Amino acid sequence: MLKDLPELNYTFDALEPYIDAQTMEIHYTKHHKTYLDKLIMAVSGTSLENMELEDILMSPGAIDETIKTAVLNNGGGVFNHNFFWKIMGPPNSNAPEGGILEKINETFGSFQAFKEEFNKSALSLFGSGWTWLVQGKDGKVMIMNTQNQVTPISEGYRPILALDIWEHAYYLKYQNRRADYISNWWNVVNWKNVSQMLA
Ligand code: MN
């Protein structure tokens, strides 16, 4: 299991003005780091210590009850943030193309319709959690929400795109304006990396 935060492929201010540098820095160095520290604490001295995080999260039923909640909350937090950093990047006018665009078009009708459905799902999430585009074992993609740090891989889905809807992801800049955060976030999606998540 990785004992360090993954390297960010961009600087904290690279997602400005849509996601501010201070939010990025606190999100990565404090929130993400805390999940990692607590995960390491929870698995230390157990049989999970030398397992890959993904393998642990894919079989939640196999985790010992005494550490299960801590492992799923913090392990999910680590996995979800590792993923989130990867599918973002400096704002550009980059849009989905190739296989990912075909998948979106055949499932939702158009990129615009997909965005609308994704935004609606994100806005409907009560409390803290994530909105995802995931791929099932049958290859089909769908939008889903997960609560808190639940991760789609624990439910048999492969994450393709993710949006962190916890207040810590946007509150400094957007306060209660979650809808603005959601609509602005599309500007920092790195579609090249997203397309590589497809099976
Ligand atoms: Mn977060």
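Glycine is no exception: its Cβ is also placed from the backbone N, Cα and C atoms.
Bear in mind that TrEMBL entries carry predicted annotations, made automatically and left uncurated.
Since the structure is predicted, the reported quantities are computational estimates derived from the model, not experimental observations.
Less than 8 angstroms from the CB of H81 (Mn(2+) binding site) sit H27, Y28, H31, H32, Y35, D164, each of them six or more residues away in the same chain. In the three-state DSSP classification, H81 (Mn(2+) binding site) falls within a helix. For H27, H81, D164, H168, the entry in TrEMBL reads Mn(2+) binding site.
Sequence annotations record features per position, and here TrEMBL assigns domain 'Manganese/iron superoxide dismutase N-terminal' to 4-88. Assigned with DSSP, the residues of the domain 'Manganese/iron superoxide dismutase N-terminal' (4-88) fall into helix, strand and coil as follows: 54 helix, 1 strand, 30 coil.
Summarising the annotation, TrEMBL assigns domain 'Manganese/iron superoxide dismutase C-terminal' to 97-196.
Within 10 Å of its Cβ, the residue among the binding-site residues H27, H168 with the fewest other Cβ atoms is H168. Highlighted in sequence order, Y28, H31, H32, F84, W166, A169 have their Cβ within 8 Å of the centre of the Cβ atoms of H27, H81, D164, H168, the residues recorded for Mn(2+), and are not part of that set. According to DSSP, H168 (Mn(2+) binding site) is assigned to a helical segment. Neighbours of D164 (Mn(2+) binding site), defined as other CB atoms within 10 A of its CB across all chains, total 24.
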